[in-house]
């Protein structure tokens, strides 16, 4: 019959959002070509990536099919092109660590025995190892790298305060990574994420990380500067401050591209556009060369001799390792929840495959210790890739490959001005504000711990400090009030899921309720029935067959467990759009 107002046209159901759907939903018009009326098929106009799902898998190269199957790219509503682009953006926003980390870590050396060039190579390789493992084993769209804060504690806390050599400090990093791996495999880390952190604290952590990233971005841009009287103040907005003016202009241009929609890779385009203008105007030095050979002077220099009893340094080793362990544990717990929230990948309010994510960070930390750098954690900047559409571990593998290559691209990366990568951090902060509406601010039992987390994180420049402050206040109020945690706001505002409209037209997600598996299946059936009524392509029993093919609703942590949701979202977007 055609859709209302479009009688005679053929509506083509999206091809192969999941493997299960393919058998029950493939139509005769599956070539992705224009129909007799000259109209594009449904998948051409509906799906993310400009209709990237419309290509028949049989026409794709085998390696593309293998990547799609292994990472379940299509099943999560993404495309390989989107994952690669998002991985590039994550890497670009993370690449500053290759310049900053060597400056901090090299200060742990004596008389220049820890050259920055070797720390730079260790930083790149440890980030590559951690990101690769979390992508392949954890199938998570996260980038891992040596953490800011942990590197400062490595240098000034362990080496300078405890009097350990940098080789001995590396042994503390290795032991903390090994302990984290054991805790992850024993389920302790997953318990921290699912039980210790309450729902309102999880939402507060997401927002706090966004504010924290925005603050860092503003400082690097020069918009927020130090002040003796007020601690921080507004930077110099004179036209002579070309660095800040360029950053503000870049912020406006990228914002316009994001709001207008349809500009894939807006963040990446903005970064290189600002870098190019900065080089042309002489604001920053252009690269003199692009390639250099990495140095590995600090590789395999770790010294475990200080762990021997009676050596006089055992206490420093133990305390240093414990601090690194607990800081990494709570940092990883909060950041992975926040990033999975904006990606819409939470399952029942928890992070799927969290054990694999903790284990990946532990492996990266141990590799970093052997190579000569501080512990590896999840990069907050991974949110840049998630905003661009990263939903699978393929984007993390892209980050890993680029970090491996970047070990040879040190001159080029050093030439990219910090302001170019600072602007996306500020914009990402805006994308992470949505969870705040899921906190019941009218109830002080919930509001006070959430407020502490929101404020302590940016004001102390420490994610784990804000998390611990929120947990302690949450526990204190629970004991003093003597009642169970009050109910949150209605479920429609609780958990993070991508809005179909926003997923297609804009790069960020909103927070809304997570329906049960049964509700997803029923929603899929209803939507398919509606589509079947207004389309002549399905034939008798079309809706029932397609709903049955969409999956039985597994509750497993694997992304296959939400095939019905992917189907429902796609069809809902189509019906609402029409």
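Heads up, the Cβ atoms here are built off N, Cα and C, so glycines get one too.
Per TrEMBL, these features apply:
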type: REGION; residues: 1-35; note: region 'Disordered'
type: TRANSMEM; residues: 174-193; note: transmembrane segment
type: TRANSMEM; residues: 205-227; note: transmembrane segment
type: TRANSMEM; residues: 239-259; note: transmembrane segment
type: TRANSMEM; residues: 266-284; note: transmembrane segment
type: TRANSMEM; residues: 322-345; note: transmembrane segment
type: TRANSMEM; residues: 357-378; note: transmembrane segment
type: TRANSMEM; residues: 390-413; note: transmembrane segment
type: TRANSMEM; residues: 420-439; note: transmembrane segment
type: TRANSMEM; residues: 451-472; note: transmembrane segment
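When Cβ-Cβ distances under 8 Å to the transmembrane segment (205-227) are tallied for each of 239-259, 266-284, 357-378, 420-439, the top count falls to 420-439. Of the two recorded stretches, the transmembrane segment (420-439) does not lie close to the transmembrane segment (357-378), with fewer than three CB pairs under 8 Å once pairs fewer than 6 apart in sequence are set aside. Here the transmembrane segment (357-378) does not touch the transmembrane segment (266-284). Their Cβ atoms form fewer than 3 pairs under 8 Å, with each pair 6 or more residues apart. A Cβ distance under 8 Å defines the sequence-distant neighbours of the transmembrane segment (451-472), meaning residues of its chain 6+ beyond its ends; these are 149, 196-197, 201, 204-205, 207-209, 211-212, 215, 326-327, 330-331, 333-335, 380, 436.
By number of Cβ pairs under 8 Å, the transmembrane segment (322-345) is matched best by 174-193 from the list 174-193, 239-259, 266-284, 390-413. Sequence-distant contacts of the transmembrane segment (266-284), counting only residues of its own chain at least 6 positions beyond either end whose CB sits under 8 Å from a CB of the stretch, comprise 85, 88-89, 92-93, 242-243, 246-247, 250, 253-254, 257-258, 384, 387-388, 415-417, 419-421, 423-424, 427, 507.
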